[in-house]
Amino acid sequence: MTEPTQPQAAVAADENQIVAERRDKLRALRDQGIAYPNDFQPTHHAAGLQTEYADADKEALDAKALDVAVAGRMMLKRVMGKASFATVQDGSGQIQFFVTPADVGAETYDAFKKWDLGDIVAARGVLFRTNKGELSVKCTELRLLAKALRPLPDKFHGLADQETRYRQRYVDLIVTPETRATFRARTKAIASIRKFMSDADFMEVETPMLHPIPGGAAAKPFVTHHNALDMQMFLRIAPELYLKRLIVGGFERVFEINRNFRNEGVSPRHNPEFTMMEFYAAYTDYRWLMDFTERLIRQAAVDALGTATIRYQGRELDLAKPFHRLTITQAIQKYAPNYTDGQLSDDAFLRGELKRLGVDVTQPAFLNAGIGALQLALFEETAEAQLWEPTFIVDYPIEVSPLARESDTVAGITERFELFVTGREIANGFSELNDPEDQAARFRKQVEQKDAGDEEAMFFDADYIRALEYGMPPTGGCGIGIDRLVMLLTDSPTIRDVLLFPHLRRED
(Lines of atoms letter the chains of each structure in order from A and count residues from 1; the text may use other names and numbers.)
(Lines give C-alpha, C1' and ligand atoms only; values in the text may rest on other atoms or scores of the structure.)
Protein backbone atom coordinates (compact mmCIF):
# COMPACT_ATOMS: atom_id res chain seq x y z
CA MET A 1 0.00 0.00 0.00
CA THR A 2 1.30 3.46 -0.90
CA GLU A 3 2.06 5.67 2.08
CA PRO A 4 0.25 9.00 2.16
CA THR A 5 2.36 11.97 1.10
CA GLN A 6 3.06 14.84 3.47
CA PRO A 7 0.82 17.87 3.08
CA GLN A 8 2.49 20.56 1.01
CA ALA A 9 2.62 22.95 3.96
CA ALA A 10 4.50 20.39 6.04
CA VAL A 11 6.95 19.73 3.21
CA ALA A 12 7.58 23.46 2.84
CA ALA A 13 8.10 23.78 6.60
CA ASP A 14 10.62 20.93 6.56
CA GLU A 15 12.49 22.52 3.67
CA ASN A 16 12.53 25.89 5.40
CA GLN A 17 14.04 24.21 8.47
CA ILE A 18 16.71 22.55 6.32
CA VAL A 19 17.54 25.84 4.62
CA ALA A 20 17.80 27.58 8.01
CA GLU A 21 20.20 24.92 9.27
CA ARG A 22 22.33 25.21 6.15
CA ARG A 23 22.43 28.99 6.45
CA ASP A 24 23.83 28.53 9.95
CA LYS A 25 26.57 26.33 8.50
CA LEU A 26 27.31 28.94 5.83
CA ARG A 27 27.50 31.63 8.50
CA ALA A 28 30.13 29.60 10.31
CA LEU A 29 32.11 29.26 7.08
CA ARG A 30 31.94 33.01 6.54
CA ASP A 31 33.24 33.56 10.06
CA GLN A 32 36.22 31.37 9.16
CA GLY A 33 36.74 33.30 5.91
CA ILE A 34 36.38 30.18 3.74
CA ALA A 35 32.79 30.41 2.48
CA TYR A 36 33.31 30.44 -1.31
CA PRO A 37 36.96 29.80 -2.23
CA ASN A 38 37.99 30.01 -5.88
CA ASP A 39 41.49 28.59 -6.02
CA PHE A 40 40.94 24.95 -6.99
CA GLN A 41 41.54 23.64 -10.51
CA PRO A 42 40.53 20.05 -11.39
CA THR A 43 43.04 18.01 -13.35
CA HIS A 44 40.62 15.24 -14.28
CA HIS A 45 36.92 14.65 -14.85
CA ALA A 46 34.89 11.72 -13.58
CA ALA A 47 33.87 10.28 -16.94
CA GLY A 48 37.40 10.46 -18.30
CA LEU A 49 38.76 8.55 -15.33
CA GLN A 50 35.96 5.99 -15.48
CA THR A 51 36.61 5.40 -19.18
CA GLU A 52 40.41 5.38 -19.14
CA TYR A 53 40.73 3.10 -16.13
CA ALA A 54 37.66 0.92 -16.58
CA ASP A 55 39.81 -2.19 -17.10
CA ALA A 56 42.57 -1.37 -14.60
CA ASP A 57 42.53 -3.68 -11.59
CA LYS A 58 43.42 -2.76 -8.03
CA GLU A 59 47.06 -3.82 -8.33
CA ALA A 60 47.62 -1.89 -11.56
CA LEU A 61 46.15 1.29 -10.07
CA ASP A 62 48.20 0.93 -6.89
CA ALA A 63 51.34 0.57 -8.98
CA LYS A 64 50.48 3.61 -11.11
CA ALA A 65 49.65 5.81 -8.08
CA LEU A 66 47.95 8.42 -10.27
CA ASP A 67 47.47 11.79 -8.57
CA VAL A 68 44.17 13.43 -9.46
CA ALA A 69 42.25 16.58 -8.56
CA VAL A 70 38.47 16.31 -8.97
CA ALA A 71 35.58 18.62 -8.08
CA GLY A 72 31.82 18.34 -8.26
CA ARG A 73 28.53 18.14 -6.42
CA MET A 74 28.16 15.67 -3.56
CA MET A 75 25.20 13.45 -4.44
CA LEU A 76 25.59 10.68 -1.84
CA LYS A 77 27.48 10.40 1.44
CA ARG A 78 28.09 7.45 3.74
CA VAL A 79 29.84 8.16 7.03
CA MET A 80 31.17 4.93 8.55
CA GLY A 81 33.29 5.72 11.57
CA LYS A 82 36.93 5.89 10.50
CA ALA A 83 36.20 5.72 6.76
CA SER A 84 33.56 7.47 4.70
CA PHE A 85 32.47 7.58 1.09
CA ALA A 86 30.97 10.31 -1.09
CA THR A 87 29.63 10.09 -4.63
CA VAL A 88 30.60 13.27 -6.47
CA GLN A 89 29.07 14.36 -9.77
CA ASP A 90 30.84 16.73 -12.14
CA GLY A 91 29.81 17.83 -15.60
CA SER A 92 30.86 14.53 -17.13
CA GLY A 93 29.69 11.88 -14.67
CA GLN A 94 30.23 10.50 -11.18
CA ILE A 95 33.12 9.15 -9.14
CA GLN A 96 33.52 8.05 -5.54
CA PHE A 97 35.63 9.82 -2.90
CA PHE A 98 37.17 7.70 -0.13
CA VAL A 99 37.75 9.79 2.97
CA THR A 100 39.56 8.89 6.20
CA PRO A 101 40.83 11.08 9.06
CA ALA A 102 44.25 9.51 8.64
CA ASP A 103 44.47 10.84 5.07
CA VAL A 104 42.78 14.26 5.32
CA GLY A 105 43.26 15.06 9.00
CA ALA A 106 40.84 14.84 11.90
CA GLU A 107 39.67 18.46 11.60
CA THR A 108 38.80 18.15 7.90
CA TYR A 109 37.16 14.78 8.49
CA ASP A 110 34.94 16.21 11.21
CA ALA A 111 33.99 19.09 8.91
CA PHE A 112 33.24 16.67 6.06
CA LYS A 113 30.77 14.77 8.23
CA LYS A 114 28.73 17.99 8.54
CA TRP A 115 28.66 18.75 4.82
CA ASP A 116 25.36 18.30 3.02
CA LEU A 117 24.24 16.63 -0.17
CA GLY A 118 24.35 19.18 -2.96
CA ASP A 119 27.49 20.89 -1.67
CA ILE A 120 30.23 21.54 -4.23
CA VAL A 121 33.34 19.74 -2.99
CA ALA A 122 36.86 19.14 -4.27
CA ALA A 123 39.57 16.63 -3.55
CA ARG A 124 43.15 15.81 -4.38
CA GLY A 125 44.29 12.27 -3.98
CA VAL A 126 45.29 9.02 -5.60
CA LEU A 127 43.12 6.97 -7.92
CA PHE A 128 42.51 3.45 -6.60
CA ARG A 129 39.97 0.66 -6.61
CA THR A 130 38.19 -0.38 -3.42
CA ASN A 131 37.94 -3.97 -2.26
CA LYS A 132 34.46 -4.01 -3.79
CA GLY A 133 35.90 -2.90 -7.13
CA GLU A 134 34.69 0.72 -7.15
CA LEU A 135 37.00 3.19 -8.89
CA SER A 136 37.61 5.90 -6.28
CA VAL A 137 39.75 8.85 -5.26
CA LYS A 138 41.61 8.23 -2.01
CA CYS A 139 41.47 11.79 -0.74
CA THR A 140 44.54 13.43 0.76
CA GLU A 141 43.03 16.92 0.54
CA LEU A 142 39.30 17.69 0.80
CA ARG A 143 37.61 21.07 0.52
CA LEU A 144 34.16 22.62 0.45
CA LEU A 145 33.97 25.06 -2.48
CA ALA A 146 30.31 26.14 -2.39
CA LYS A 147 27.60 25.55 0.20
CA ALA A 148 24.22 24.36 -1.11
CA LEU A 149 21.51 26.10 0.90
CA ARG A 150 18.58 24.26 -0.64
CA PRO A 151 18.24 20.46 -0.43
CA LEU A 152 18.14 18.34 -3.56
CA PRO A 153 14.95 16.38 -4.31
CA ASP A 154 14.63 12.92 -2.85
CA LYS A 155 16.85 10.63 -4.92
CA PHE A 156 14.14 8.01 -5.39
CA HIS A 157 11.40 10.38 -6.52
CA GLY A 158 13.38 13.21 -8.10
CA LEU A 159 11.35 16.09 -9.50
CA ALA A 160 7.97 14.44 -9.77
CA ASP A 161 6.14 17.54 -10.96
CA GLN A 162 6.72 18.11 -14.68
CA GLU A 163 6.25 21.88 -14.53
CA THR A 164 8.78 22.14 -11.71
CA ARG A 165 11.27 20.31 -13.92
CA TYR A 166 10.81 22.96 -16.61
CA ARG A 167 10.70 25.90 -14.21
CA GLN A 168 13.71 24.78 -12.18
CA ARG A 169 15.70 23.23 -14.99
CA TYR A 170 18.91 23.72 -12.99
CA VAL A 171 17.63 21.20 -10.41
CA ASP A 172 16.33 18.87 -13.11
CA LEU A 173 19.80 18.80 -14.69
CA ILE A 174 21.40 17.98 -11.35
CA VAL A 175 19.18 15.02 -10.50
CA THR A 176 17.98 13.62 -13.85
CA PRO A 177 20.60 11.88 -16.03
CA GLU A 178 18.10 11.55 -18.89
CA THR A 179 17.68 15.33 -19.04
CA ARG A 180 21.42 15.84 -19.23
CA ALA A 181 21.62 13.22 -21.99
CA THR A 182 18.89 14.97 -23.98
CA PHE A 183 20.72 18.28 -24.06
CA ARG A 184 24.06 16.67 -24.82
CA ALA A 185 22.40 14.97 -27.79
CA ARG A 186 20.96 18.32 -28.85
CA THR A 187 24.42 19.88 -28.82
CA LYS A 188 25.86 16.98 -30.82
CA ALA A 189 23.06 17.21 -33.39
CA ILE A 190 23.59 20.94 -33.91
CA ALA A 191 27.36 20.47 -34.14
CA SER A 192 26.75 17.76 -36.75
CA ILE A 193 24.50 20.06 -38.76
CA ARG A 194 27.07 22.85 -38.70
CA LYS A 195 29.81 20.51 -39.91
CA PHE A 196 27.53 19.07 -42.60
CA MET A 197 26.78 22.56 -43.87
CA SER A 198 30.41 23.65 -43.76
CA ASP A 199 31.49 20.52 -45.63
CA ALA A 200 28.93 21.42 -48.33
CA ASP A 201 30.51 24.89 -48.71
CA PHE A 202 27.77 26.81 -46.90
CA MET A 203 28.70 29.99 -45.06
CA GLU A 204 27.14 30.55 -41.64
CA VAL A 205 25.75 34.06 -41.25
CA GLU A 206 23.78 36.15 -38.76
CA THR A 207 20.83 38.29 -39.79
CA PRO A 208 18.72 40.74 -37.74
CA MET A 209 16.46 39.63 -34.91
CA LEU A 210 14.62 42.97 -34.94
CA HIS A 211 12.75 43.59 -38.19
CA PRO A 212 11.03 46.75 -39.41
CA ILE A 213 8.63 44.49 -41.35
CA PRO A 214 7.84 40.92 -40.27
CA GLY A 215 8.26 38.49 -43.13
CA GLY A 216 9.39 35.09 -44.32
CA ALA A 217 6.53 33.13 -42.75
CA ALA A 218 2.82 33.20 -42.06
CA ALA A 219 2.75 33.97 -38.33
CA LYS A 220 1.75 36.58 -35.77
CA PRO A 221 4.80 38.56 -34.59
CA PHE A 222 5.83 40.03 -31.26
CA VAL A 223 5.78 43.83 -31.47
CA THR A 224 8.20 46.18 -29.72
CA HIS A 225 9.34 49.81 -30.00
CA HIS A 226 12.79 51.20 -30.76
CA ASN A 227 13.04 54.32 -28.62
CA ALA A 228 16.05 55.95 -30.28
CA LEU A 229 14.62 55.57 -33.78
CA ASP A 230 11.02 56.05 -32.59
CA MET A 231 9.78 53.21 -34.74
CA GLN A 232 7.80 50.03 -34.32
CA MET A 233 9.87 46.86 -34.62
CA PHE A 234 9.04 43.16 -34.74
CA LEU A 235 10.91 40.18 -33.34
CA ARG A 236 11.68 38.07 -36.33
CA ILE A 237 9.33 35.30 -37.32
CA ALA A 238 11.82 34.00 -39.92
CA PRO A 239 15.18 35.08 -41.39
CA GLU A 240 14.22 34.09 -44.94
CA LEU A 241 14.05 37.43 -46.69
CA TYR A 242 17.38 38.60 -45.26
CA LEU A 243 19.11 35.36 -46.22
CA LYS A 244 17.83 35.67 -49.78
CA ARG A 245 19.14 39.23 -49.89
CA LEU A 246 22.55 37.64 -49.29
CA ILE A 247 22.02 35.33 -52.26
CA VAL A 248 21.34 38.46 -54.32
CA GLY A 249 24.56 39.91 -52.92
CA GLY A 250 26.62 37.01 -54.25
CA PHE A 251 26.93 34.62 -51.31
CA GLU A 252 25.74 31.51 -53.13
CA ARG A 253 25.34 29.20 -50.12
CA VAL A 254 24.32 30.57 -46.72
CA PHE A 255 22.73 29.21 -43.56
CA GLU A 256 21.73 30.47 -40.14
CA ILE A 257 20.89 28.65 -36.91
CA ASN A 258 19.10 31.01 -34.60
CA ARG A 259 15.91 31.88 -32.75
CA ASN A 260 12.57 32.80 -34.26
CA PHE A 261 9.67 34.33 -32.33
CA ARG A 262 5.97 33.87 -32.97
CA ASN A 263 3.26 35.37 -30.78
CA GLU A 264 1.09 32.29 -30.87
CA GLY A 265 -0.04 29.41 -28.67
CA VAL A 266 2.00 27.00 -26.58
CA SER A 267 1.56 23.27 -27.23
CA PRO A 268 3.61 20.05 -27.21
CA ARG A 269 4.93 21.15 -30.63
CA HIS A 270 5.05 24.94 -30.22
CA ASN A 271 6.99 27.42 -28.11
CA PRO A 272 6.85 31.20 -28.70
CA GLU A 273 10.61 31.23 -29.30
CA PHE A 274 12.27 28.34 -31.04
CA THR A 275 15.41 27.41 -32.94
CA MET A 276 15.43 27.08 -36.71
CA MET A 277 18.04 26.49 -39.32
CA GLU A 278 17.39 28.08 -42.68
CA PHE A 279 19.70 27.54 -45.63
CA TYR A 280 19.74 28.77 -49.21
CA ALA A 281 21.74 27.51 -52.17
CA ALA A 282 21.94 29.20 -55.55
CA TYR A 283 21.45 27.07 -58.66
CA THR A 284 19.45 24.39 -56.84
CA ASP A 285 15.77 23.50 -56.69
CA TYR A 286 13.35 21.76 -54.34
CA ARG A 287 14.34 18.29 -55.54
CA TRP A 288 17.98 18.97 -54.66
CA LEU A 289 16.83 20.33 -51.30
CA MET A 290 14.91 17.16 -50.46
CA ASP A 291 17.93 14.97 -51.18
CA PHE A 292 20.21 17.28 -49.18
CA THR A 293 17.82 17.56 -46.21
CA GLU A 294 17.41 13.79 -46.06
CA ARG A 295 21.17 13.28 -45.88
CA LEU A 296 21.57 16.04 -43.29
CA ILE A 297 18.97 14.60 -40.91
CA ARG A 298 20.37 11.10 -41.28
CA GLN A 299 23.88 12.32 -40.46
CA ALA A 300 22.66 14.33 -37.46
CA ALA A 301 21.11 11.17 -36.02
CA VAL A 302 24.29 9.17 -36.53
CA ASP A 303 26.48 11.86 -34.96
CA ALA A 304 24.15 12.48 -32.01
CA LEU A 305 23.15 8.88 -31.27
CA GLY A 306 25.62 6.66 -33.08
CA THR A 307 22.89 5.18 -35.29
CA ALA A 308 20.27 6.13 -37.86
CA THR A 309 17.82 3.65 -36.33
CA ILE A 310 15.98 5.32 -33.48
CA ARG A 311 12.99 4.66 -31.24
CA TYR A 312 10.29 7.24 -30.77
CA GLN A 313 7.47 6.71 -28.28
CA GLY A 314 7.89 2.95 -28.40
CA ARG A 315 8.15 2.60 -32.19
CA GLU A 316 11.25 2.03 -34.26
CA LEU A 317 12.15 4.47 -37.00
CA ASP A 318 14.86 3.82 -39.58
CA LEU A 319 16.22 7.10 -40.90
CA ALA A 320 18.63 5.19 -43.14
CA LYS A 321 15.77 4.17 -45.44
CA PRO A 322 14.86 6.50 -48.34
CA PHE A 323 12.27 9.06 -47.28
CA HIS A 324 8.83 8.77 -48.90
CA ARG A 325 7.46 11.40 -51.30
CA LEU A 326 3.74 12.07 -51.81
CA THR A 327 1.60 14.90 -53.13
CA ILE A 328 -1.06 16.37 -50.86
CA THR A 329 -3.88 14.48 -52.57
CA GLN A 330 -1.89 11.24 -52.69
CA ALA A 331 -1.38 11.48 -48.93
CA ILE A 332 -5.08 12.14 -48.33
CA GLN A 333 -6.11 9.15 -50.40
CA LYS A 334 -3.48 6.91 -48.80
CA TYR A 335 -4.66 7.60 -45.25
CA ALA A 336 -8.32 8.39 -46.00
CA PRO A 337 -8.95 6.20 -49.07
CA ASN A 338 -12.70 6.85 -49.26
CA TYR A 339 -12.19 10.25 -50.88
CA THR A 340 -12.49 10.23 -54.67
CA ASP A 341 -10.63 12.44 -57.14
CA GLY A 342 -13.89 14.20 -57.89
CA GLN A 343 -14.59 14.98 -54.25
CA LEU A 344 -11.08 16.36 -53.76
CA SER A 345 -11.71 18.79 -56.63
CA ASP A 346 -15.15 19.92 -55.39
CA ASP A 347 -15.12 23.22 -53.48
CA ALA A 348 -18.49 22.65 -51.81
CA PHE A 349 -17.64 19.09 -50.81
CA LEU A 350 -14.28 20.11 -49.32
CA ARG A 351 -15.82 22.93 -47.30
CA GLY A 352 -18.55 20.63 -46.04
CA GLU A 353 -16.09 17.92 -45.13
CA LEU A 354 -13.82 20.36 -43.29
CA LYS A 355 -16.81 21.66 -41.35
CA ARG A 356 -17.76 18.09 -40.46
CA LEU A 357 -14.23 17.56 -39.16
CA GLY A 358 -14.53 20.59 -36.90
CA VAL A 359 -12.68 23.20 -38.98
CA ASP A 360 -14.11 26.72 -38.85
CA VAL A 361 -14.36 27.49 -42.56
CA THR A 362 -15.79 30.95 -41.83
CA GLN A 363 -12.46 32.30 -40.57
CA PRO A 364 -10.73 34.87 -42.84
CA ALA A 365 -8.13 32.44 -44.17
CA PHE A 366 -10.89 30.32 -45.73
CA LEU A 367 -13.16 33.03 -47.15
CA ASN A 368 -11.45 33.13 -50.54
CA ALA A 369 -9.58 29.85 -50.29
CA GLY A 370 -9.18 27.91 -53.51
CA ILE A 371 -9.22 24.17 -54.07
CA GLY A 372 -5.54 23.81 -53.22
CA ALA A 373 -5.85 25.51 -49.84
CA LEU A 374 -8.93 23.44 -49.01
CA GLN A 375 -7.10 20.24 -49.97
CA LEU A 376 -4.23 21.25 -47.71
CA ALA A 377 -6.63 21.82 -44.82
CA LEU A 378 -8.16 18.39 -45.40
CA PHE A 379 -4.68 16.85 -45.52
CA GLU A 380 -3.92 18.41 -42.13
CA GLU A 381 -7.09 16.88 -40.68
CA THR A 382 -6.85 13.40 -42.19
CA ALA A 383 -3.28 12.49 -43.12
CA GLU A 384 -0.70 14.64 -41.37
CA ALA A 385 -0.78 12.89 -37.98
CA GLN A 386 -0.38 9.50 -39.69
CA LEU A 387 2.88 10.34 -41.47
CA TRP A 388 5.02 8.34 -39.07
CA GLU A 389 7.88 7.45 -41.40
CA PRO A 390 9.83 10.36 -42.94
CA THR A 391 7.69 11.68 -45.78
CA PHE A 392 8.10 14.66 -48.08
CA ILE A 393 4.73 16.13 -49.01
CA VAL A 394 5.20 18.00 -52.29
CA ASP A 395 3.45 20.34 -54.72
CA TYR A 396 1.82 22.88 -52.41
CA PRO A 397 -0.76 25.31 -53.81
CA ILE A 398 0.48 28.74 -54.77
CA GLU A 399 -2.06 30.55 -52.59
CA VAL A 400 -0.44 29.23 -49.40
CA SER A 401 3.12 29.53 -50.73
CA PRO A 402 3.67 33.24 -51.42
CA LEU A 403 7.48 32.96 -51.55
CA ALA A 404 7.77 29.75 -53.59
CA ARG A 405 8.36 29.36 -57.33
CA GLU A 406 5.38 28.22 -59.37
CA SER A 407 5.62 24.91 -61.19
CA ASP A 408 6.47 25.06 -64.89
CA THR A 409 4.14 22.15 -65.63
CA VAL A 410 1.14 22.37 -63.26
CA ALA A 411 -0.76 25.65 -62.91
CA GLY A 412 -1.44 26.80 -59.37
CA ILE A 413 1.17 24.49 -57.83
CA THR A 414 4.56 25.48 -56.42
CA GLU A 415 7.86 23.63 -56.22
CA ARG A 416 7.53 23.25 -52.47
CA PHE A 417 7.74 20.43 -49.92
CA GLU A 418 7.24 19.89 -46.23
CA LEU A 419 8.92 17.01 -44.41
CA PHE A 420 6.88 15.12 -41.82
CA VAL A 421 8.16 12.55 -39.33
CA THR A 422 6.08 10.96 -36.55
CA GLY A 423 3.17 13.12 -37.64
CA ARG A 424 5.06 16.39 -37.17
CA GLU A 425 6.42 18.89 -39.66
CA ILE A 426 10.22 18.95 -39.42
CA ALA A 427 11.19 20.98 -42.48
CA ASN A 428 9.74 23.26 -45.15
CA GLY A 429 11.52 24.08 -48.39
CA PHE A 430 11.01 25.21 -51.95
CA SER A 431 12.48 26.53 -55.13
CA GLU A 432 12.55 30.24 -54.39
CA LEU A 433 10.48 32.77 -56.29
CA ASN A 434 13.02 35.10 -57.89
CA ASP A 435 10.69 37.01 -60.24
CA PRO A 436 10.30 40.45 -58.58
CA GLU A 437 7.06 41.31 -60.39
CA ASP A 438 5.43 38.00 -59.47
CA GLN A 439 6.65 38.41 -55.87
CA ALA A 440 5.23 41.93 -55.67
CA ALA A 441 1.87 40.70 -56.94
CA ARG A 442 1.82 37.94 -54.32
CA PHE A 443 2.72 40.39 -51.57
CA ARG A 444 -0.21 42.57 -52.65
CA LYS A 445 -2.48 39.52 -52.43
CA GLN A 446 -1.19 38.86 -48.92
CA VAL A 447 -1.93 42.46 -47.93
CA GLU A 448 -5.50 42.02 -49.17
CA GLN A 449 -5.84 38.94 -46.98
CA LYS A 450 -4.42 40.81 -44.00
CA ASP A 451 -6.87 43.66 -44.57
CA ALA A 452 -9.65 41.05 -44.63
CA GLY A 453 -8.69 39.89 -41.15
CA ASP A 454 -6.00 37.23 -41.66
CA GLU A 455 -3.46 38.17 -38.96
CA GLU A 456 -0.88 35.70 -40.30
CA ALA A 457 -0.83 37.06 -43.86
CA MET A 458 2.42 38.75 -44.90
CA PHE A 459 3.29 42.42 -45.20
CA PHE A 460 4.53 44.02 -48.41
CA ASP A 461 8.34 44.26 -48.16
CA ALA A 462 9.40 46.89 -50.69
CA ASP A 463 13.10 46.57 -49.92
CA TYR A 464 13.02 42.84 -50.59
CA ILE A 465 11.37 43.51 -53.95
CA ARG A 466 14.11 46.04 -54.67
CA ALA A 467 16.72 43.37 -53.88
CA LEU A 468 15.06 40.92 -56.29
CA GLU A 469 15.08 43.61 -58.97
CA TYR A 470 18.88 43.43 -58.93
CA GLY A 471 18.54 39.77 -59.93
CA MET A 472 18.58 36.64 -57.76
CA PRO A 473 19.88 33.42 -59.32
CA PRO A 474 17.68 30.32 -59.27
CA THR A 475 17.77 29.25 -55.63
CA GLY A 476 16.49 26.58 -53.30
CA GLY A 477 15.83 27.28 -49.63
CA CYS A 478 14.76 25.23 -46.64
CA GLY A 479 14.00 25.68 -42.95
CA ILE A 480 14.47 22.87 -40.42
CA GLY A 481 12.95 23.00 -36.95
CA ILE A 482 15.88 22.18 -34.69
CA ASP A 483 13.71 21.68 -31.61
CA ARG A 484 11.39 19.23 -33.35
CA LEU A 485 14.35 17.37 -34.83
CA VAL A 486 15.86 17.02 -31.36
CA MET A 487 12.49 15.82 -30.02
CA LEU A 488 12.68 13.05 -32.60
CA LEU A 489 16.28 12.11 -31.86
CA THR A 490 15.84 12.08 -28.07
CA ASP A 491 12.42 10.40 -27.88
CA SER A 492 10.92 13.51 -26.29
CA PRO A 493 7.11 13.80 -26.48
CA THR A 494 6.96 17.58 -26.01
CA ILE A 495 9.05 20.51 -27.19
CA ARG A 496 9.51 21.63 -23.58
CA ASP A 497 11.68 18.57 -23.00
CA VAL A 498 14.28 19.81 -25.50
CA LEU A 499 14.30 23.49 -24.48
CA LEU A 500 16.47 24.30 -21.50
CA PHE A 501 14.13 27.03 -20.34
CA PRO A 502 10.71 26.73 -22.04
CA HIS A 503 8.09 29.43 -21.70
CA LEU A 504 5.72 28.97 -18.76
CA ARG A 505 3.00 30.95 -17.11
CA ARG A 506 4.08 33.27 -14.33
CA GLU A 507 4.81 31.49 -11.09
CA ASP A 508 2.25 32.20 -8.35
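We count from 1, first residue shown onward.
Heads up, the Cβ atoms here are built off N, Cα and C, so glycines get one too.
Under DSSP, Glu418 (Mg(2+) 1 binding site) is assigned to a strand (E or B) in the three-state scheme. For Glu418 (Mg(2+) 1 binding site), the same-chain residues 6+ apart in sequence whose C-beta sits under 8 angstroms from its C-beta are Phe392, Ile393, Tyr396, Glu425, Ala427, Asn428, Gly429. The Mg(2+) 1 binding site feature in Swiss-Prot is assigned to Glu418, Glu425; the stated evidence is sequence analysis.
Its Cβ taken as reference, Glu425 (Mg(2+) 1 binding site) is surrounded by 16 other Cβ atoms within 10 Å in the chains shown. In this structure, Glu425 (Mg(2+) 1 binding site) is part of a beta strand by DSSP. Positions annotated as Mg(2+) 2 binding site by Swiss-Prot, on the basis of sequence analysis: Glu425.
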